[in-house]
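Below: one structure, written as structure tokens.
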Amino acid sequence: MCQKYDTLSGDRDVEHDEHFVLEDYDSESEDQNISSKSLGHSSELSMSTLALLERFKKQYSAPTEEEETVGDDEPKIFYCSRTHSQLAQFASELRRVEMPPSLPKELSEKLTDSEALEERVKHLSLGSRKNLCINPRVMKLENATAINERCMDLQQPGMAVEHRCPYLPSKDDEPQVLQFRDHTLATVKDIEDMGKLGKHIGVCPYYASRSVIKHSEIVTLPYPLLLQRSAREALGLSIKNHIVIIDEAHNLMDAISNIHSVTITLSQLQTAIFQLTTYARKFKTRLKGKNRTYIAQVIRLVSSVADHLRSIQGSNQPPDGAVKTSDLMAGKGVDQINPYKLSHYLQESKLARKVDGYVEYSKDTANRQSHGKPSTPVLFHVQSFLLPLMNPSAEGRLFYMKDQNDIQLKYLLLDPTNHFREIVEDARAVILAGGTMSPMSDYMNHLFPYVPASRLDTFSYGHVIPPENLVAHTLAQGVMGCAFDFTYESRDSEKMIIDLGRTVATLCQAIPDGVVAFFPSYDYLSRILHIWKKPLGADKNQTILGLIERKKPILYESRDMTTKSDDILQEYTRTIDSGSGALLLSVIGGKLSEGINFSDRLGRGVLIIGLPFPNIRSAVWQAKLQYVEQKAYSGSSGSETDRQMIAKAAGRDFYENACMRAVNQCIGRAIRHRNDYAAIVMIDRRYDKPNIQGKLPAWIKQSMVRSPTQRPAGATVQNLIKFFAARGSLD
């Protein structure tokens with residue numbers, strides 16, 4: 001664990017092996033404060049970590065009391081969103097803000113225009129190493145985990161000077177760090193600007209930005225850096241008594257769950273076993289203390305998990321299901337393992353770094369020179385799964401999912417409440433914001449159940465457009481009179497799907513320019529296209545797809561991850577600009593359902609086909625609903641019957657909310673500015689139900705037009721023609 005190897009060297013000298021050997025692990029004191037998470041006690045830190053801290057202590061002089069307190073008492077705004085592109089858009093808007101002068105009014109009035117100082121908000125963009133690293137040798141790794149680990153490697157005390165990161169700020173670089181701080185605060189910069197500034201000055205923007213935090217007024221950062229305690233600690237980020245604003249908050253609960261969930265495959269486990277075994281054999285005579293014992297325990301534990309997955313894979317069990325922790329840890333000798341000690345060892349010994357480093361170093365020279373894309377260090381991934389496995393949470397569950405050639409094991413966080421609670425309790429105020437946050441009940445029930453109602457305020461504002469710029473229709477029947485029922489039991493009706501195609505063709509004739517149709521899933525879109533491509537009757541050249549294409553050219557959103565959303569959008573835009581209009585077939589929850597703006601001619605019509613209810617038969621959703629119902633039952637009072645009814649209602653509400661949040665996101669892709677206008681058509685008889693309509697945003701409900709029971713499709717089409725004619729969109 002002491003000196004780190006030089007992974008960039010091509011030498012294969014035996015001497016290099018010593019750099020991969022774990023330092024003697026002292027377990028005598030591991031029982032002391034083993035559950036403590038504080039880094040303030042040196043007894044909990046490994047020797048190399050202490051050496052690293054000592055080196056940094058020497059590099060940086062202790063700040064004066066004045067320096068330490070500058071900006072600490074001033075309230076800051078931490079603005080958080082899902083992607084860096086959304087944060088860059090916020091930074092762009094922030095540049096337009098004119099701040100009032102901080103000089104007293106009587107002094108500022110005496111200044112001439114030429115003397116007046118233009119003041120900007122002090123803004124800082126924070127990002128991960130992957131977004132801010134400027135070291136070419138590290139940037140080329142591309143994978144976030146590999147970048148993080150290589151960065152840490154280059155800081156190890158034993159790293160040769162010529163191979164250390166030249167951009168890591170030290171005591172001698174203090175002028176550059178101050179220059180970086182001053183330039184950062186001088187103007188509003190997005191994450192790309194921060195990288196460019198770091199390159200220009202020659203200092204790492206990831207580390208240099210830490211010194212800017214306490215001098216900032218607004219700090220922007222992506223979800224993972226705020227929602228993960230370890231990320232906040234790594235950045236030295238405290239939100240105590242500050243204001244937290246979370247944009248795109250409809251994603252918040254899923255984001256918290258995803259950050260604290262881990263998925264691993266059987267093939268990754270098998271690779272980890274092979275690598276650990278190879279490492280243990282290679283260094284068996286040089287591993288001292290408890291290292292050999294703990295490595296053997298890790299191998300036994302990983303083997304036990306892999307064996308159980310293999311037994312599931314070879315059985316007739318369903319494609320997915322719940323897994324008990326006890327079953328995963330039922331292997332030979334695993335019951336003798338102390339999970340708390342082993343968890344502590346994995347975090348302190350840096351075993352994953354040593355093993356993954358040795359594997360990387362030991363690759364065949366030809367492979368290392370082939371410039372292939374590096375993969376995620378597999379043992380780090382396995383370790384991230386083992387930690388929650390050995391420290392199970394009441395809010396977490398384990399599931400397996402069979403693939404064609406592999407099987408996955410997933411640890412899923414079911415309840416985000418406690419992980420978000422520490423943010424809520426530290427911050428002066430927490431603001432959740434979003435364009436389409438309806439329905440709202442989930443935020444109250446699953447993010448703030450412990451907060452008194454008197455401390456919670458909700459605000460809902462109308463859309464920027466006047467109501468007459470939007471028309472929203474529900475459509476329960478097609479042009480051929482077939483009822484639109486896209487429930488699981490009825491959705492494969494060929495007759496209904498054909499009528500859907502004819503109805504879409506008719507709607508495309510009534511709606512000008514671009515129309516975006518959203519389907520519940522990629523699989524169902526494929527099913528529909530299969531039927532639409534079939535010949536109609538005796539004429540083998542006539543198909544439903546051809547009928548639609550005579551109205552508008554059709555483009556598809558592909559499930560293929562190699563197909564970029566930007567490429568689809570560019571082709572879609574070019575087709576519309578040619579004057580022919582276009583129909584874009586997309587998927588709810590897909591690449592084009594969020595974060596993409598179909599403004600003006602790109603989105604004159606939005607069609608929502610069916611309701612994207614999650615698969616209630618899946619093990620994951622059964623566990624989610626069971627957890628929500630049990631939580632509601634435990635928190636209720638009254639008779640047993642009343643409590644059971646409350647529990648069932650809570651589960652049903654949670655299930656419907658998940659569906660309608662996705663629908664509302666798709667609807668929100670159109671209507672992007674005050675002069676925009678569009679038509680929304682929701683195609684399914686269930687959209688007429690009050691409980692479903694009640695979960696639509698208020699600005700949609702006020703423009704809702706319910707079609708008549710007789711010939712509803714014809715009435716809808718006529719209404720759309722009038723709507724667009726009134727806006728001069730039709731010839």
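Numbers run from 1 along the shown chain.
Cβ coordinates are placed from backbone N, Cα and C, and glycine is handled just like the others.
The annotation ATP binding site is assigned in Swiss-Prot to Ser35, Ser36, Lys37, Ser38, Leu39, Gly40, His41, Ser42 on the grounds of sequence analysis. Residues annotated as [4Fe-4S] cluster binding site in Swiss-Prot, with similarity to another entry given as evidence: Cys133, Cys151, Cys165, Cys204. The compositional bias 'Basic and acidic residues' annotation in Swiss-Prot covers 9-22. Feature annotation from Swiss-Prot assigns domain 'Helicase ATP-binding' to 1-299. Sequence annotations record features per position, and here Swiss-Prot assigns region 'Disordered' to 1-42. Look at Swiss-Prot and you will find 247-250 tagged as motif 'DEAH box'.
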Those residues of the chain, 6+ apart, with a Cβ under 8 Å from that of Cys151 ([4Fe-4S] cluster binding site): Arg129, Cys133, Asn135, Val138, Cys165, Tyr206
Neighbourhood of Cys204 ([4Fe-4S] cluster binding site) by C-beta distance under 8 A, where only residues 6 or more apart in the same chain count: Leu132, Cys133, Ile134, Asn135, Cys165, Tyr167, Leu168, Pro169, Gly198
Most Cβ neighbours inside 10 Å, all chains, among the binding-site residues Cys133, Cys165: Cys133
DSSP state at Cys165 ([4Fe-4S] cluster binding site), helix/strand/coil: coil
Cβ-based neighbourhood (8 Å from the centroid) of the [4Fe-4S] cluster site, residues Cys133, Cys151, Cys165, Cys204 excluded: Arg129, Ile134, Asn135, Val138, Leu154, Tyr167, Leu168, Tyr206, Tyr207
Mean of the pLDDT scores, which run from 0 to 100, over the motif 'DEAH box' (247-250): 92
Local backbone state of Cys151 ([4Fe-4S] cluster binding site), from DSSP in three classes: helix
